[in-house]
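**Student:** Handing you this structure, nothing more for now.
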């Protein structure tokens, strides 16, 4: 892709996200979401492979439907209450339509069907954007409207997302699909706490973004797309693979790694809200996710291919992302002891 075109699309992505997260008026938020959608489409389909074109088409159709629902819910709310302010979403029907629209944008169950397919058809860099920056505007909208959302609906969707994300990821061999189901499962954790403590949702999202970015950039630098390829990557970059192992375990939420922090805080908050059964169910469902993360980790470091190929060890990679990967993986592993400091900031 032409560097100038890539620059324009990247700036549009940042612009769309900024417009949505800083707006108070529904029409501005909708405009930001539309700019975001249009900017990511060329980045998904840049390889001109039929799977990439299919992914871009599916993404466009789903996001268009979701944007139309966002506009419809805000107009219904304005019709009944005379308010266009995002925080004044008080009409119950409008709240219900908005929840469905944002769930469709994020890929929450039962609107998750498009997400694994789109991620599988996208390049790893576009997959990284889809999993991180593209989820920020919808989560911001949920954060701003959280007081008027239906807690029962959100809890149901969250538990279903955690269940399906874990269950569907068990049988996958394509790494991008595994990461897509992992994302759906993590979204369940973010959604379940949204009404009770929205700041925890944002903290969970930031830490998830951190860990997912580390995993995607590492896979991109190793050029790995399947589990079979991952098994032979150990001989090329042993140090990077060892860090990938720890990052994956952090994403699974194992203590004493960073990923344990949001899960711990969410379970604590749910128990305070007398929702111990929901906390128990979602904790047990996260074991499903742990299984496929362990499978990825096992393929990354513990298995060696039967005929080890002789590669020159790439101890010093000259890629510009190397420093970024180093910073992200370190943060993905070591932030748990800083929990008190993080909590004072949040």
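Any Cβ shown, glycine's included, is placed from N, Cα and C.
Since the structure is predicted, the reported quantities are computational estimates derived from the model, not experimental observations.
Dumping what TrEMBL says about this protein:
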{"type": "DOMAIN", "residues": "23-288", "note": "domain 'NADH:quinone oxidoreductase/Mrp antiporter transmembrane'"}
{"type": "DOMAIN", "residues": "290-343", "note": "domain 'NADH dehydrogenase subunit 2 C-terminal'"}
{"type": "TRANSMEM", "residues": "56-75", "note": "transmembrane segment"}
{"type": "TRANSMEM", "residues": "95-115", "note": "transmembrane segment"}
{"type": "TRANSMEM", "residues": "152-171", "note": "transmembrane segment"}
{"type": "TRANSMEM", "residues": "178-196", "note": "transmembrane segment"}
{"type": "TRANSMEM", "residues": "202-219", "note": "transmembrane segment"}
{"type": "TRANSMEM", "residues": "240-261", "note": "transmembrane segment"}
{"type": "TRANSMEM", "residues": "281-302", "note": "transmembrane segment"}
{"type": "TRANSMEM", "residues": "323-343", "note": "transmembrane segment"}
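For each listed feature, how buried is it and what is near it?
**Tutor:** Mean model confidence of the domain 'NADH dehydrogenase subunit 2 C-terminal' (290-343) amounts to 80 (pLDDT, 0 to 100 scale).
Within its own chain, the transmembrane segment (56-75) is flanked in space by residues 26-27, 29-30, 33-34, 37, 40-41, 44-45, 84, 89, 94-95, 97-98, 100-102, 104-105, 111, 114, 117-118, 121, 130, 141, which lie at least six positions past its ends and keep a Cβ under 8 Å from the stretch.
Here the transmembrane segment (178-196) has long-range neighbours at 106-109, 112, 115-116, 119-120, 127, 131, 135, 139, 142-143, 146-147, 149, 151, 154-155, 157-166, 168-169, 172, 204-205, 208, 212, 215-216, 251, 262-263, 266, 269-270, 273, 275, 278, 282, 285-286, 288-289, 292-293, 296, meaning same-chain residues at least 6 beyond its ends whose C-beta is under 8 angstroms from one of its own.
Beyond the transmembrane segment (323-343), the same-chain residues lying 6 or more positions past its ends with a Cβ under 8 Å from any Cβ of the stretch are 203, 207, 210-211, 213-214, 217-218, 221, 240, 243-244, 246-247, 250-251, 255-261, 265.
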**Student:** When you scan the chain for residues with a C-beta under 8 Å from the transmembrane segment (281-302), skipping those not six or more beyond its ends, what do you find?
**Tutor:** 158-159, 162-163, 165-167, 169-170, 172, 175, 178, 181-182, 185, 188-189, 192, 227, 230-231, 233-234, 241-242, 244-245, 248-249, 251-254, 263, 267, 270
